[in-house]
Amino acid sequence: MSTSITITRPDDWHLHLRDGAMLKAVLPETARHFARAIIMPNLVPPVVTGAQAAAYRERIMAALPEGMAFEPLMTLYLTEDTDPADVAAAHAAGICTAVKLYPAGATTNSASGVRDFDKVRPVLEKMAEIGMPLCVHGEVTDPAVDIFDREAVFIDRVLDPIRRATPGLRVVMEHITTSNGVEYVKANDADLGATITTHHLIINRNHILVGGIKPHYYCLPVAKREEHRLALRAAATSGDTRFFLGTDSAPHVDPLKECACGCAGCFTATNTMALLAHVFEEEGALDKLEGFASRNGPVFYRKPMNEGTITLTKGDAAQWPAKIISGDGPVTVFDPGFPVHWHVDA
Ligand code: NCD
Ligand code: ZN
């Protein structure tokens, strides 16, 4: 028996597109199903000014294949030198939707991130004033803190103090991976939202480490214990509008993943919607998929819903390419490790 659901065209509220040959290869994978995406600014060098964001947006639009529609929602990489006036001007001009906070050294290409949070106070105050969201990579970088505890410690040591010191600041906790993240969102108001990735609904830390190390399951924040994965599933399927999809699809070529010091990032742009249909069906919550992927994000970001739709149909085992071949090399598509029967008609 075939089951089919039609939902408002989804958006991806956390996406890495990179630049150059990689951008060209991965952009169609997202634009096929998604109308818009929040574009991460962690290029080398990072996108720190409104002018750089405008130029990056142009490069993305130039890489979009003819006949495809896609709207990149740009972000600025927050540094200790960021100028509040530049941020406000880029927001007012419609160039930038949000600002991204990376604690220095937390993840891929985050060396220019923030060390001293007092230095970015004027930017955060300006953002609170104009209602511009701050997207937060929520992990402390203190070497004394265990990598599996870094999100929970960040909430207590950094995020909660920043939010208390900056009333009105709208914050997205990006790619939450713990029940601590879920509970912190639930305990607060509509100015706090959280994105959840596809892969964190599917894997726990055993998938990375048991039976041989699996570099394509390694991302940051790293997947946690099973109880946390279940908390993320409960949040994503709850209907609470503060939880929405941000895939964190993060392409790296295979040689940089399959080596002695592999990069963090899972590439899920290609099969995210099929995987989400599988997960939501497993949770008996297919009726909540549209909220999570298509409606809750626009509510938080105060953007209109998309006008188009996509249809997901259950049928034969789904197939997708094992790798996307970019001009820089092959990128492995996230393998959930189980058969998926959902297909997307965009
Ligand atoms: C991201 C990347 O590769 O840029 N990697 C990841 O594991 N998610 C950076 C990030 O979002 O942390
Ligand atoms: Zn990311």
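Every residue, even glycine, has its Cβ placed from backbone N, Cα and C.
Keep in mind that TrEMBL annotations are predicted by a computer and have not been checked by a curator.
The feature domain 'Amidohydrolase-related' is assigned by TrEMBL to 12-310. Within the model, the domain 'Amidohydrolase-related' (12-310) shows a mean pLDDT value of 97, rounded to a whole number.
Residues annotated as Zn(2+) 1 binding site in TrEMBL: H14, H16, K100, D248. Using a 10 Å Cβ-Cβ cutoff, K100 (Zn(2+) 1 binding site) registers 25 neighbours.
Taken from TrEMBL, the feature substrate binding site covers H16, L17, R18, N42, H137, L220, H252, A264. Other Cβ atoms within 10 Å of the Cβ of H252 (substrate binding site), summed over all protein chains shown, number 26. Secondary structure at H252 (substrate binding site), as computed by DSSP, is coil.
Annotation source TrEMBL lists Zn(2+) 2 binding site at K100, H137, H175. Here H137 (substrate binding site) comes close to K100, L101, Y102, P103, A106, T107, S110, G113, E174, H175, L220: these same-chain residues lie at least six apart in sequence, with C-beta atoms under 8 angstroms from its C-beta. DSSP assigns H137 (substrate binding site) to coil in the three-state reduction, placing it in neither a helix nor a strand.
Sequence annotations record features per position, and here TrEMBL assigns N6-carboxylysine to K100. In the three-state DSSP classification, K100 (Zn(2+) 1 binding site) falls within a strand.
The active site annotation in TrEMBL covers D248.
Under 6 Å, Cβ to nearest atom of ligand 1: this is the test, and of the binding-site residues H14, L17, R18, N42, A264 it is passed by N42, A264. Within the set of binding-site residues (L17, A264), the lowest number of other Cβ atoms found within 10 Å of a Cβ is recorded at A264. There are 24 other CB atoms within 10 A of the CB of H16 (Zn(2+) 1 binding site), with all protein chains counted. In the vicinity of ligand 2, defined as a Cβ distance under 6 Å, none of the binding-site residues L17, K100, H137, L220 are placed.
With the fewest other Cβ atoms inside 10 Å of its Cβ, the least crowded of the binding-site residues H14, R18, H175 in this structure is R18.
The two recorded residues, H252 (substrate binding site) and H16 (Zn(2+) 1 binding site), show a Cα separation of 10 Å.
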